Amino acid sequence: MTESYPLRTFIAHAVLILGILIVAFPIYYTFVASTHSLQTILRPPLPLLPGDRFIENYSEALFGGVGRIGGVSVGTLLFNTTVMALGIAIGKICISILSAYAIVFFRFPLRMTFFWLIFVTLMLPVEVRILPTYKVMVDFGLIDTYAGLIVPIIASATATLLFRQFFLTIPGELVEAARVDGAGPFRFFKDILLPLSKTNIAALFVILFIYGWTQYLWPLLVTNRNDMNTIVIALRKMISFADADTEWHLVMVTCMLAIVPPILVVVLMQRWFVRGLVDTEK
Amino acid sequence: MATVDLKDVKKIYAGGVEAVKGVSIAIPDKALCVLVGPSGCGKSTLLRMIAGLESISAGAVSIDGKVVNAIGPTERDIAMVFQNYALYPHMKVYDNMAYGLRNRGTPKDEIDKRVRETAKTLELSALLDRRPRELSGGQRQRVAMGRAIVRNPKVFLFDEPLSNLDAKLRGQMRVEIKNLQRALGVTSVYVTHDQLEAMTLADQLVVMNAGLVEQIGDPLDIYEKPASTFVASFIGAPPMNLLALTRDGAGRMPAGSPEEMAAIGHGSAAGSTALASAAPMLTDGSLVPFAPQAAAILGFRPEDADVTHGAEAPDGALAIPAAVEAVEPVGAESFLYCAAAGTRIIVRVHGRATARPDDQLRVVVRAEKLHWFDEAGKRV
C-alpha cells in the first residue's frame with residue numbers, strides 16, 4: 001500500500017469504526033447502567049450517559065456484598081476466579097510442556113501410544129466425562145475447594161500438541177550442540193527449550209487464562225457455597241426471574257468487573273501473544 | 001594432545017541399512033584428518049559416532065587410547081562445529097561460548113578470561129553482546145568455532161562447517177581454520193564433500209565411498225596415486241579423465257596393430273566401434289606397452305594432457321583423436337571439453353586456448369602421466 005486512495009481509505013476506516021461501535025456499544029451500555037441506581041435502571045428508558053452513582057455502586061459490589069448471593073462481595077468472586085483461571089493456565093502449560101518434551105526428545109517404549117492417547121483425549125470434552133469426574137471429586141472431598149475447580153481441567157491435549165509441533169521445529173543440531181556442550185536433559189530444558197518457548201507460552205497463557213476465566217459448567221457443579229463461586233456462576237445466581245427482585249445495578253457492576261481481568265491479560269501480554277502466533281525466534 | 005583410533009567401526013541402522021561398513025582410521029596427534037566423499041557415503045555418520053551422538057554398532061572408537069564407545073559426548077571431551085552452526089538463538093555470543101564451560105562447572109572468572117581470549121583470537125570481541133541472528137554468516141561461523149575452541153577439548157569435530165558460506169568467505173575461513181588448528185595443535189576430524197576443501201586442509205585425507213574407506217593418505221599422494229577410479233574422479237577438479245578399454249576374445253588387452261587395439265569407450269559396443277575407427281590414430285601402437293596386463297581403465301588428469309593440431313605426436317605419448325565441443329576460458333587457464341573415444345575428455349591448457357569448438361585435434365598424454373586401473377576400478 002504505497003499509493004494513496006483517499007476514498008478507499010475513508011471507506012475502510014468508516015467500516016472499521018462502524019464495526020467497533022457495534023461491538024463496543026453493549027459494553028458501553030453496561031457501563032452506563034452500572035453507574036445508575038436500581039430505580040433509574042428499572043424505569044425506562046435507560047439514559048445514554050453515565051450516571052452519578054459510579055463510586056457508590058462499585059464500592060458496594062466490591063466490598064459490601066451482594067444480597068442475592070448471600071452477601072458475598074464481588075472482590076471475593078474476582079479472587080476465586082483469578083485463582084482458578086491462573087491455576088488452569090499455569091497448570092496446563094506446565095503439564096503440557098513437560099509431556100511434549102518427553103514425547104519429542106526422549107525415546108521410550110510406547111512413546112507413540114502415549115502420544116495418541118493424549119491426542120484421543122481431545123475428543124472427550126469435559127461434558128462427556130462430567131459424571132465420573134464429579135464422583136471422583138466428591139470422593140476426594142474436593143467439592144468447594146480451589147483444587148476441585150482446577151485439577152479436573154488441568155490437562156490439555158491441545159497445548160501438548162502445540163508444544164510438540166513447536167519442539168519438532170527445533171533443529172536436531174541444536175539439541176546435539178547442547179549435548180556436546182554438556183547439557184543434560186534438565187539443563188537443556190531449562191536453558192534452551194524454555195527460553196525458546198517464551199512466546200508460545202505467553203500466547204498459550206492468554207488463551208488458557210480466558211478459557212479458565214469463562215468456565216461455566218464445571219464451576220457450577222463443583223461449587224455449592226456462595227463464597228466459593230466464580231464470577232460467572234455468581235452473575236447467573238444474581239439474576240432472579242422477577243425484574244424487581246434483581247439488583248440490576250450490581251449485576252452491571254459485576255459484569256464490568258468480570259471483563260476487566262481478561263482485558264488486562266490480553267493488553268499486557270499482547271506483544272508476546274502476537275509474536276508467539278506470528279514468528280518464532282530462530 | 002590426543003589420538004583418535006577407529007577400529008572396524010560399523011553403523012547399522014534399525015532398518016538394517018548399513019551406513020558405515022567397517023572403517024579403520026588411525027588419526028595421529030595434532031593432525032587434521034579430513035573425511036571426504038559424496039553425500040550418503042557415511043562420513044557424517046562416522047563423525048557423529050566419534051562425537052558420541054550416534055551409537056556404534058560394531059568396532060571401537062578410542063580417543064587418546066581409551067575406548068569411548070559407551071561414553072556420552074560430554075565425557076568424551078570433544079567439541080563440534082555444526083553445518084548450520086547450531087548457535088543458541090536466545091543467547092548472546094558471550095553466553096553461547098560460555099555455556100559449555102558453565103555446564104562443566106568452570107569458575108566464573110576463568111570462563112570470562114577464556115571467552116574473552118578466544119573472542120580476541122577470532123576477532124569477535126566487538127560482537128560478544130549480540131545475538132546470533134544479528135550476525136552475518138561468517139560471524140556465526142566464527143562464533144561456532146569459538147564455542148568449540150573455548151572449551152579446549154581433546155578433539156575438534158567439524159561437520160561441513162563451511163558449506164553455508166559463499167565461495168569467497170569459504171576460502172577465507174578455510175585458511176583461518178587451518179591456521180587455527182595448527183596454532184592450537186588440537187587433533188581434528190573434518191567432514192566435507194568439497195574435494196578442494198579436503199585437499200587444502202588435510203594432513204591426513206580419508207576418501208570414503210558407500211560406507212567404506214577408499215583411500216587414506218597424504219592429500220598430494222592421493223592426488224598423484226589414486227587407489228581407485230572412484231578416488232581418481234573424486235579428488236581433483238575437473239576430475240580425472242577415465243577411458244574404459246575393452247578386451248579381445250582371449251580375455252587380454254588387445255596388442256599388436258593399432259586397428260585391433262584398445263577400443264576405448266565405456267565398454268559398450270557403440271563406444272568400442274567408435275574407438276575402433278579412431279584407433280589407428282593412436283600413436284604407432286605404443287599404447288599397449290604402457291599398459292599392465294590387468295589394465296582395463298586408463299586415466300589421466302586434465303592438466304597432464306595437451307592438445308596438438310599437427311599429425312605428429314611425440315614419442316612415448318598417447319595421442320587420442322578428439323573433437324572440441326566447448327571451450328571454457330577461466331583466465332589463467334582454459335578447459336577444453338572434447339569428444340573422444342566415445343566419451344568426454346577434459347583438457348586443461350594454460351592461458352588462452354587456441355582451439356575453437358568443432359576443431360579436430362589430438363589429445364596428447366605422456367606415458368608416465370597415465371594411470372591404469374583394473375576392471376574393478378583398483379589401481380594397477
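Glycine too: its Cβ is placed from the backbone N, Cα and C atoms.
Here is what TrEMBL says about this protein:
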type     : residues  : note
DOMAIN   : A:78-269  : domain 'ABC transmembrane type-1'
TRANSMEM : A:7-29    : transmembrane segment
TRANSMEM : A:83-106  : transmembrane segment
TRANSMEM : A:113-131 : transmembrane segment
TRANSMEM : A:143-163 : transmembrane segment
TRANSMEM : A:200-218 : transmembrane segment
TRANSMEM : A:248-269 : transmembrane segment
Spatial neighbours of the transmembrane segment (A:200-218) far in sequence, C-beta under 8 Å, 6+ residues away:
81, 84-90, 92-93, 97, 126-127, 130, 149, 152-153, 156, 159, 162-163, 166, 194, 230, 232-233, 261-262, 265-266, 269, 272-273, 275-277, 280
Are there residues at least six beyond either end of the transmembrane segment (A:143-163) with Cβ under 8 Å to its Cβ atoms? List them, or say none.
80, 83-84, 87-88, 91-93, 95-97, 99-101, 103, 118-119, 121-122, 126, 133, 136-137, 197, 200, 204, 208, 212, 215, 218-219, 222-225, 228, 230
Mind checking which residues reach the transmembrane segment (A:248-269)? Cβ under 8 Å, same chain, six or more beyond either end.
27, 30-31, 33-34, 36-38, 41-42, 53, 57-58, 60-62, 66, 74, 77-78, 81-82, 85, 202, 205-206, 209-210, 213-214, 231-232, 234-235, 238-239
